[in-house]
C-alpha cells in the first residue's frame, strides 16, 4: 500500500510540473496546490530551501512584483496583476515542491521541460500545416487561443528544451537513447521552420560545453569535422526540395548575409542610454527597422516599465547565482554544476526575448535551475555556508 501511495504521490508531482510547462492553467493550478498539500502532509513540514535559495526566490518574487506594481500603467497586458500572480504562484510553488522533493527533482524538471516541448510542438506543427502557408519565421498561429503569436518565443522555448536535454538529461539506458533520437530531429526541424538564430547559438554553446566535459580534444575535433561534413552532405542532397528552399535557406541566409547583425544591438544601446537619463523608467525603444514596444531583454524591459528598483532585485538574484558557484568551486575545485550552466544560458535567452509580458516560462526555468544549482551544490562533500 505504501509503495502504491508513493507512486501516486510521485505521479501527481510529475503531472503538476508537466502541465506547468504546458501552461495549462486550469490543470496545473489545482495540481500544484494538491502537490504542495501532499508535500506538507508527507514531510510534516515545508522546507524553504537553504538561505541562499530562499533569498534567491524572494528577490525573484520582489522583481516580478516591482515590475507589475510600479510599471502597471506601462505594461502591454490586459490583466497585469492577474499575470503577475500567475508568475509569482508558479515560482513559489514549483521551487517549494522542488526543494521538498529533491529526490525526484531531476524527473520533475524533465517533465516541466517536456511540457514546454509538447506545447511548443503543437504550435509549430499547427502553424506548419495551416493551409495559408504564411506562418513560420516571424509569426505563428496558436492552436489553443487561435491568435497569432511571435515565433521567437517558441524558438527560445525550444532552445531551453534542447540545452536541458543535452546537458542535464542522462541517456544511460536504451529507451532514453531512443527517446532522444526521436526528440532531437523534431527539435532541429522545428528550429529550422522558425528560423531563430538564438536557438542555434544556444545549441552550439551547449554542444561545446557538453563535449568539453566528457571527451578529449581529439574527439571534439573529430566531432566538429563529422558534423560539418554531415551538414554539407545534407545540404547537397536536399537543396533542390521546395521545403529546403523555403526554410533551410532562410536559416543560412540569416547567418550568412545577416550574420549577427540585428536591431537588438541598437536596442541595447538605446535602452542603456535612455535608462541613464530616466532611471525611474517610462521610456520606449527605438531602433532602425524595428517598430515594436519591447527591448526583448529582461533587464531593459523591466527598467523601461519600472526603473532601477526591480533591476536591483534581479541583479541580486544573479549575484546569488554567481557567488554560490564561486563558493562551491572554492570549496571543491572539481565542482561542476550543469544547473549553473543552464541558469547562465537561460539568462542569455532572456536577453533575447520578451519575458515578463510574454514568455514567462523562461523566468520560471531560471528560478528552478538556480534553485537546483544552489540546493544540489550544498550536498558536495565539502559542504557549503550557503
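Each residue, glycine too, has its Cβ placed from N, Cα and C.
Nobody curates TrEMBL annotations by hand; they come from automatic prediction.
For the transmembrane segment (12-41), same-chain residues at least 6 beyond its ends with a Cβ under 8 Å from one of its own Cβ atoms are 86, 89-90, 93-94, 96-97, 100-101, 104, 107-109, 111-119, 361, 364. Look at TrEMBL and you will find 12-41 (among others) tagged as transmembrane segment.
What TrEMBL lists as transmembrane segment is 53-77 (among others).
Marked as transmembrane segment by TrEMBL: 83-102 (among others).
TrEMBL lists 109-129 (among others) with the feature transmembrane segment. Within its own chain, the transmembrane segment (109-129) has Cβ neighbours under 8 Å at 14-15, 17-23, 94, 98, 135-136, 140-144, 149, 154, 157-158, 160-161, 164-165, 168-169, 183, 186-187, 190, 193-194, 361, 365, 368, 372, counting only residues six or more beyond its boundaries.
Per TrEMBL, transmembrane segment is recorded for 149-169 (among others). When Cβ-Cβ distances below 8 Å are used as the criterion, the transmembrane segment (149-169) is approached by residues 106, 109-110, 113, 116-117, 119-120, 123-124, 136-142, 176, 180, 183-184, 187, 190-191, 194-196, 198-199, 202-203, 205-207, 209-210, 296, 338-339, 341-342, 345-346, 349, 352-354, 358-359, 361-362, 365 of the same chain, each at least six residues removed from its ends.
TrEMBL lists 181-208 (among others) with the feature transmembrane segment.
Annotated transmembrane segment per TrEMBL: 220-238 (among others), in sequence order.
Positions annotated as transmembrane segment by TrEMBL: 305-326 (among others). Under 8 Å from some Cβ of the transmembrane segment (305-326) lie the Cβ atoms of residues 52, 55-56, 59-60, 62-64, 66-67, 69-71, 74-75, 275, 278-282, 298-299, 337, 340, 343-344, 347, 370, 373-374, 377, 384, 386, all in the same chain and six or more residues away from its ends.
Among the features that TrEMBL reports, transmembrane segment is placed at 338-369 (among others).
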